[in-house]
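Beneath this line is the structure, given in structure tokens, with notes to follow.
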Amino acid sequence: MTLQLPGFAVLMLLQSCSAYKLVCYYTNWSQYREGNGSCFPDALDHSLCTHIIYSFANISNNKLSTSEWNDVTLYGMLNTLKTRNPRLKTLLSVGGWSFGSERFSRIVSNAKSRKTFVQSVAPFLRTYGFDGLDLAWLYPGPKDKQHFTTLIKELKAEFTKEVQPGTEKLLLSAAVSAGKVTLDSGYDVAQIAQHLDFINLMTYDFHGTWRHTTGHHSPLFRGQQDTGPDRFSNVDYGVGYMLRLGAPTNKLVMGIPTFGKSFTLASSENQVGAPITGSGLPGRYTKEKGTLAYYEICDFLRGAEVHRILGQQVPFATKGNQWVGYDDPESVKNKVKYLKNKQLAGAMVWAVDLDDFRGSFCGHNVHFPLTNAIKEALAVA
């Protein structure tokens, strides 16, 4: 007799038998994608992740604030998931690409504006039912390094002071670059790690059009052709470097992308290192040159040639003059095996709305196939 466990029971097993986190980012602009690309928080599986991070909040008049007209409604949708899974933690992420580094810089470099921000956070999170804050400053520079550390220390102190009997202390996490140059210039890793509950390491976006050649944006290991600074552009180096800088293994959460990076080939040459003319064509739903959601990649794979970069343990696919490097169930399982060997805190997914959340694109009628593959791999003894 075999025991078939429903998804929720598997999650309970995952959460009780191991301390692995599965941290899933949800983006509030995914609601605006057309047709089957549109994703609202009520489409998320309450039993899939241990933590869901809602991206992104804004800062107005130096105070934490909403960024979309209907954020409050979406906050409610997301936090309703906790009625079905009381162990689920939700965090609100502030910052992101469009927020910009300069605005963060101005706010945190001034003690008065920083204090206003810090004191605004807990009431906002409590009002809307969140369990914590995630800082997505992309990215602090050399002049911001000490201010970023101070911000984190002050937020942690405020959360400690704010907690009431019968309530849990608010969580504090940060999304941190895995790029060596950015890490060196903007982060005092050993210091911030002391005060953060966990660190979401962005081990992706390592390769882009600036290289003028094809290459995978989230390879597990260094490639044969990677010399000079390119040798730093892989998951293994990013994780190892963070650990050497003082990040404790039990706070480091390794990022796994549910998106691919695409390029337009310059010639018939289509292997790793082939010349390119620029970004790949935009996806039907995400509409951003050079980036495809996993569900768009599943469409792309029909009629495409699929290859595996064996040493780097990731796939890429070509069709016509289009080249896309991405992750699939096999590669994410290898990444989970790697992070478990390193005794890391768990995996982070950017983003659940880029996975096949409807289960209608990638076959087998499986919802969130990549995130589920990660969850299953984390649960394996």
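A Cβ is built for glycine as well, from the same backbone N, Cα and C atoms used for every other residue.
Look at Swiss-Prot and you will find 1-19 tagged as signal peptide, backed by similarity to another entry.
The feature domain 'GH18' is assigned by Swiss-Prot to 20-381, with sequence analysis given as support.
Shown in sequence order, L22, V23, C24, L88, V349, V352, T371, K375 are the residues of the chain, 6+ apart in sequence, with a C-beta less than 8 angstroms from the C-beta of C49 (disulfide bond). In three-state terms derived from DSSP, C49 (disulfide bond) belongs to neither a helical nor a strand segment and is classed as coil. If you look up Swiss-Prot, you'll see C24-C49 (among others) marked as disulfide bond, on the strength of sequence analysis.
Taking all protein chains in view, 24 other C-beta atoms sit within 10 angstroms of the C-beta of N28 (N-linked glycosylation site). If you look up Swiss-Prot, you'll see N28 (among others) marked as N-linked glycosylation site, on the strength of sequence analysis.
Shown in sequence order, Y285, Y295, R358, S360, F361 are the residues of the chain, 6+ apart in sequence, with a C-beta less than 8 angstroms from the C-beta of N36 (N-linked glycosylation site). The N-linked glycosylation site annotation in Swiss-Prot covers N36 (among others).
Swiss-Prot lists N58 (among others) with the feature N-linked glycosylation site. Secondary structure at N58 (N-linked glycosylation site), as computed by DSSP, is strand.
Take the CB of E68 (chitin binding site) and look out to 10 A: across all protein chains shown you find 15 other CB atoms. For E68, W69, G95, G96, W97, S98, Y139, M202, T203, Y204, D205, W350, the entry in Swiss-Prot reads chitin binding site, with the evidence type sequence analysis.
Marked as disulfide bond by Swiss-Prot: C298-C362 (among others). Look at C362 (disulfide bond): DSSP puts it in coil. Around C362 (disulfide bond), taking its Cβ as the centre, 22 other Cβ atoms fall within 10 Å, counting all chains.
Non-local neighbours of the region 'Important for AKT1 activation and IL8 production' (322-336) in the same chain are 207, 214-220, 235, 254, 256-265, 270, 274, 276, 280-281, 292, 294, 297, 300, 313-316, 347, 369-370, 373-374, 376-378; each lies 6+ residues outside the stretch with a CB under 8 Å from one of its CB atoms. Residues or ranges marked as region 'Important for AKT1 activation and IL8 production' in Swiss-Prot: 322-336.
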Relative to the Cα of G95 (chitin binding site), which of the recorded positions N28, N58, C298, C362 have a Cα no more than 10 Å away?
-> N58
Inside 10 Å of the Cβ of T203 (chitin binding site), count up the other Cβ atoms and send me the figure.
-> 30
Between the two most distant Cα atoms of the chitin-binding residues E68, W69, G95, G96, W97, S98, Y139, M202, T203, Y204, D205, W350, the distance in Å is 31
Excluding its own, the Cβ atoms lying within 10 Å of the Cβ of Y139 (chitin binding site) add up to 21
Structural state of E68 (chitin binding site), classified by DSSP into three states | coil
Are any of E68, W97, Y139, T203, D205, C298 (the recorded positions) within 10 Å of N28 (N-linked glycosylation site) when you go C-alpha to C-alpha, and if so which?
-> E68
According to DSSP, which kind of secondary structure is C298 (disulfide bond) found in, if we only use helix, strand and coil?
-> helix
